[in-house]
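Going by TrEMBL, these are the annotated features:
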type	residues	note
BINDING	A:THR146, A:LYS168, A:THR179, A:GLU263, A:ASN382, A:THR387	substrate binding site
ACT_SITE	A:THR179	active site, nucleophile
Protein chains: 2
Amino acid sequence: MSVTTPLGFRAAGVTAGLKASGKPDVAVVVNDGPHHHAAAVFTTNRVEAAPVTWSRTVISDGRADAVVLNSGGANACTGAPGFQDTHRTAEHVGEVLGVAAGDVVVCSTGLIGERLPMGLLLPGVDAAVEALSVDGGPAAATAIMTTDSVPKTATAVRDGWAVGGMAKGAGMLAPALATMLVVITTDAVIEGAHVADDLDAVLRSATALTFDRIDSDGCMSTNDTVLLMASGASGATVALADLTDAVTQVCADLARQLIADAEGAHHDIAIEVTGAASEDDALEVARSVARNNLFKCAVFGNDPNWGRVLAAVGTTQALFDPAELDVSMNGVMVCRAGGVGEDRSLVDLTAREVRVVVDLHAGSATATVWTNDLTHDYVHENSAYST
Amino acid sequence: MSVTTPLGFRAAGVTAGLKASGKPDVAVVVNDGPHHHAAAVFTTNRVEAAPVTWSRTVISDGRADAVVLNSGGANACTGAPGFQDTHRTAEHVGEVLGVAAGDVVVCSTGLIGERLPMGLLLPGVDAAVEALSVDGGPAAATAIMTTDSVPKTATAVRDGWAVGGMAKGAGMLAPALATMLVVITTDAVIEGAHVADDLDAVLRSATALTFDRIDSDGCMSTNDTVLLMASGASGATVALADLTDAVTQVCADLARQLIADAEGAHHDIAIEVTGAASEDDALEVARSVARNNLFKCAVFGNDPNWGRVLAAVGTTQALFDPAELDVSMNGVMVCRAGGVGEDRSLVDLTAREVRVVVDLHAGSATATVWTNDLTHDYVHENSAYST
């Protein structure tokens, strides 16, 4: 049920004709209240798409009544006309729903540098609003897919309240942040004098530990948006710590699904850095390994080439002594004290999931970044995407 | 003739049996003087191979009498025993040549994390010294190849003096610096009170504009070494500016050959950034584009996907306004003022060489970084390298 698992939300996904494939491409999620609290985090790419620019403003007052999402076009690098398209989309959603355009978040995904066909999109919005339903979560999750092979949804059901979510994203997955479109809903009641700030803190805490720690291909998107909407419809007042826990659970579930469905990937790889002097050090090292093309090719070839791990670690500024580095691959310590460890032929990399542990022996901080291998299929999908 | 084009140098390349393929794998280049000036730059990877650690010390007094190079093993991440292997190699070369071990530079290339078979390497050194010849440059260039498909040599012949060079490198090519083994020789006479410092400045000036501006796969090696040796055998005293010009010419020639022979590449791509506020800004932007896997896959598919260029530019801290960015691909301005420019179908990417120009409209500084496309063949070569 995804985003419609919590009470107070309706959703829909329809086919507007934006995609040549004829698959669903427009989704709407509406928060029917009674509360309309919202928070969002966006791409840090300085070349940001028109819908990101628009939605930053929408979210700045902590309120959102609805979000409209389209696949089949990113509306990025489309200049002032592209921004007007986003604005017009929000106004149209506002009119048919009877809410303010300024409370409508807009998300787009697809090819960069093409205008959206508004003559198809706006009728699609009408059809989606017509189809809105408290069972519409799965349809919405399907309509936001691009190269995803499966829709991605997650829920965390608690005593009297719930968190639901949906996500799309299979390429351009890199940290800081998510490089994807994600909508999270909750029917929890959040009380206090600073609900907007509190909700923002909940979302940032969750994304920092989840979407910010997956890096499929090192490429940061222009359109990333993670939106959290709270309806209060459960009537259950929830402590912020409990809400953070549930939202983090849903984000972690979705992030893991994104890695599992990354373009052309044959392996999901957890890079766990231990013994770091700080969490920042651990993250820097994990990301450096996660972005090393040679290492990622080796994993595709089921080759425990730990030398490439060390070569990646060596490019960072983290605190460590090269003569003390340990590296384990799927439980076999192939590198001990910076040199040759156990026989690399003992490592079995045939399973989908691969776990690499790098011990810096410089402290007690840890961090894990998830990535994928670099495969023929990744090259194929991304050399043929727009042609 | 490569490194033996300048007077005062002998070289050789022989088969010691380090490679399973039975191809040549040990090279020696000797500077017979009368001068023995030398300078070198090394990888900035903190996980550096034993021969790099050794050679840093050798070069610190500005003198080198010979360099021994082996393919078939990087001698990296091999701990104290690996360093002893390098030391023993230098001592052996010193003994048979009658020079101090402390004046023998050592370079190794190949798989990381394996000890070198000294029982094969030392007899190989004997054979190489036996074969030393003033015609031995091409044989030496062949013996240092790993996945290179062709040997790489270059010369700059001036009036009465010359510069020669050889290089190996086809993968792990990334800046800061070169990610390869390079030996440059000259018979120029350099006069003055600070010859070692002057020669170091000549080499750093040349590499900063050449090897530091190629980035095939973003992966920095543990073994990079660029060595410059000056024999003074021509008797021609040369101004530092003229020497810098000739060394830069040879380095640029070799750098271009490295890109042209990069693992699995189908396209050589020049990323030229213009209109930058500073040269550092231009370099940061060019490197970001050069390291974007999605863009590199698109070029492999002959797809002028300029949106991926902008997405890469947007991740940098360089000074620019996203609404002013222009991008041309092979002469067609596909992105103008941050939005859609000329029809992308006008771009012909079928030729080997691709030229991307990014105009930041923020100043007058420029820089060009060369890279390659990301191909099925790259994935294949690097998933099967050590297995």
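Please read every residue number as a count from 1 along the shown chain.
Keep in mind that glycine also has a Cβ here, set from the backbone N, Cα and C atoms.
Curation does not apply to TrEMBL; its annotations are automatic.
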What subset of the binding-site residues A:THR146, A:LYS168, A:GLU263 has a Cβ positioned less than 8 Å from a Cβ of chain B? none
Taking the Cβ of A:ASN382 (substrate binding site) as the centre, how many other Cβ atoms fall within a 10 Å radius? 28
For A:GLU263 (substrate binding site), what is the secondary structure state per DSSP, taken as helix, strand or coil? coil
Indicate whether A:ASN382 (substrate binding site) is helix, strand or coil by DSSP. helix
Starting from the Cβ of A:LYS168 (substrate binding site), draw a 10 Å sphere and report how many other Cβ atoms land inside it. 26
